[in-house]
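Quick notes on the structure that follows.
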Amino acid sequence: FPPAVFPLSCAVQSYSWGKVGMGSEVAKLLASSDPLIQIQPDRPYAELWMGAHPRGDAIIRDNRIPQKTLGQWITDNPACLGAKVKDAFQGCLPFLFKVLSVNTALSIQAHPNKELAAKLHAQFPEHYPDTNHKPEMAIALTPFEGLCGFRPVEEIVSFLQSKDGNGGWLRAEQLERSGSDDPRGVSAALRVCFTRLMKSEKKFFVDQLNMLVKRISQEVAEGKDTSGSNGALLLRLHSQYPGDIGCFTIYFLNLVRLEPGEAMFLGANEPHAYLHGDCVECMACSDNTVRAGLTPKFIDVLTLCEMLNYTPAPSSSKIFPATQSQLDPSVYLYDPPVPDFAIMRIEIPPSIKLYLVSAVDSASILLVIQGTAVGTSTAAASEMTLRRGSVLFISANESISLHLSSPDGMLLFRACCLL
């Protein structure tokens with residue numbers, strides 16, 4: 001039998017929003033996994049792609065395996081996915097696992113559901129390259145900030161009417177009047193108000209934005225507290241994307257702060273933007289993103305405003321809980337309401353020196369964040385040294401024994417598909 005458990009060397013994406021040089025978690029993981037890799041001090045290391053995506057297919061680090069990449073190997077050995085996964089996802093790995101190191105904000109965006117994806121792909125294949133949905137989950141590795149989902153209406157209204165009525169031009173009266181007893185009325189009013197913002201004339205909103213930035217800058221200079229108008233975040237985004245409509249979205253969307261180990265799940269049509277920090281992320285295999293601000297890329301305001309989920313909710317509701325496994329107290333499972341992927345956080349305490357990464361009925365990808373071990377498996381060609389930054393592919397129904405050598409335990413993340 002060919003080895004069914006093997007190490008991977010993964011693709012790095014140098015998007016301009018990424019953290020630079022060794023300030024990036026992606027770069028640190030790379031440097032630690034392979035001492036021969038030279039980290040360039042002025043290059044952004046934005047994303048590490050662990051999977052079989054055609055634009056970043058992982059390379060197999062086992063010279064006994066004739067296939068060069070994970071994608072080729074899965075095509076030739078589809079049973080490695082597990083019977084259910086293979087049938088449900090037409091012989092393809094259904095997820096892409098990533099590490100992100102975010103320095104400046106990513107675009108205000110949302111991902112379509114399958115129905116809308118099929119429609120957008122048919123109409124604009126150059127912007128929407130496939131027909132799949134793209135739910136995502138991010139789990140913080142360092143303190144992580146993002147915008148996610150619409151704020152409670154009273155927060156939005158209080159921002160729009162704050163101080164000298166800078167939001168008056170958005171005519172929020174309708175939003176204010178839409179009492180909380182009628183959720184559909186609230187959503188309709190929110191849609192009108194947000195769409196009015198996103199479709200406003202560039203010259204007009206740039207003037208409004210400059211006035212607001214000037215006012216907040218003055219307040220900061222006078223030592224006043226600007227937290228009531230999200231001052232620090234507005235000035236930061238405005239310095240990153242001057243005159244961008246996306247700067248105003250901070251008054252509509254929740255600011256979500258995640259501590260390491262906390263997660264947020266981004267379902268279809270949920271407006272979001274990552275702002276700063278490092279995370280592991282898992283997503284369904286798709287490149288469909290509808291953008292509308294904080295980006296130099298193609299923006300599609302009409303589609304975005306049309307598709308969004310306009311249900312207001314507090315930021316605390318955006319934190320997705322992990323459940324500790326009954327069978328293995330070292331495992332915390334993040335199991336989102338989609339079939340494509342789930343993530344396990346595995347925290348092995350220092351007292352354990354031999355740990356079994358148990359078999360699941362799905363191909364999985366294992367990432368080491370901290371700790372060292374030697375891994376053995378009946379399905380591997382030889383012993384594997386695991387250290388910070390190591391990535392392993394594990395075929396369905398295969399397990400690995402870890403012989404820990406680090407004094408402070410291990411932290412691992414494992415992406416799989418639990419049908």
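Cβ coordinates come from backbone N, Cα and C, glycine included.
According to TrEMBL, the features are:
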{"type": "DOMAIN", "residues": "5-153", "note": "domain 'Phosphomannose isomerase type I catalytic'"}
{"type": "BINDING", "residues": "GLN109, HIS111, GLU136, HIS272", "note": "Zn(2+) binding site"}
{"type": "DOMAIN", "residues": "183-253", "note": "domain 'Phosphomannose isomerase type I helical insertion'"}
{"type": "ACT_SITE", "residues": "ARG291", "note": "active site"}
{"type": "DOMAIN", "residues": "333-373", "note": "domain 'Phosphomannose isomerase type I C-terminal'"}
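Helix, strand and coil residue tallies for the domain 'Phosphomannose isomerase type I C-terminal' (333-373), in that order: 0 helix, 21 strand, 20 coil [DSSP]. Of all Cβ atoms in the protein chains displayed, 22 besides its own lie within 10 Å of the Cβ of ARG291 (active site). Excluding the listed site residues GLN109, HIS111, GLU136, HIS272, the same chain places ALA110, LYS134, LEU266, GLU270, PRO271, THR289 with Cβ atoms within 8 Å of the centre of the Zn(2+) site Cβ atoms. A Cβ distance under 8 Å defines the sequence-distant neighbours of the domain 'Phosphomannose isomerase type I C-terminal' (333-373), meaning residues of its chain 6+ beyond its ends; these are 8, 29, 50-51, 74, 80-85, 88-89, 93-95, 97, 99, 133, 135, 137, 139, 141, 261, 263, 265, 267, 280, 282-285, 320, 322-325, 385-419. A C-beta separation below 8 Å, combined with a sequence spacing of at least six in one chain, links GLN109 (Zn(2+) binding site) to PRO271, HIS272, ALA273, THR289, VAL290, ARG291, ALA292, THR295, LEU304. Within the domain 'Phosphomannose isomerase type I catalytic' (5-153), the DSSP-based counts of helix, strand and coil residues read 40 helix, 40 strand, 69 coil. Taking the Cβ of GLU136 (Zn(2+) binding site) as reference, residues of its chain lying under 8 Å away and at least six apart in sequence are, in sequence order, HIS111, PHE265, LEU266, GLU281, CYS282, MET283, ALA284. For the domain 'Phosphomannose isomerase type I helical insertion' (183-253), residue counts in helix, strand and coil come to 56 helix, 1 strand, 14 coil, using DSSP. All protein chains considered, the CB of HIS111 (Zn(2+) binding site) has 25 other CB atoms within 10 Å. Other Cβ atoms within 10 Å of the Cβ of HIS272 (Zn(2+) binding site) number 24 in total over all chains.
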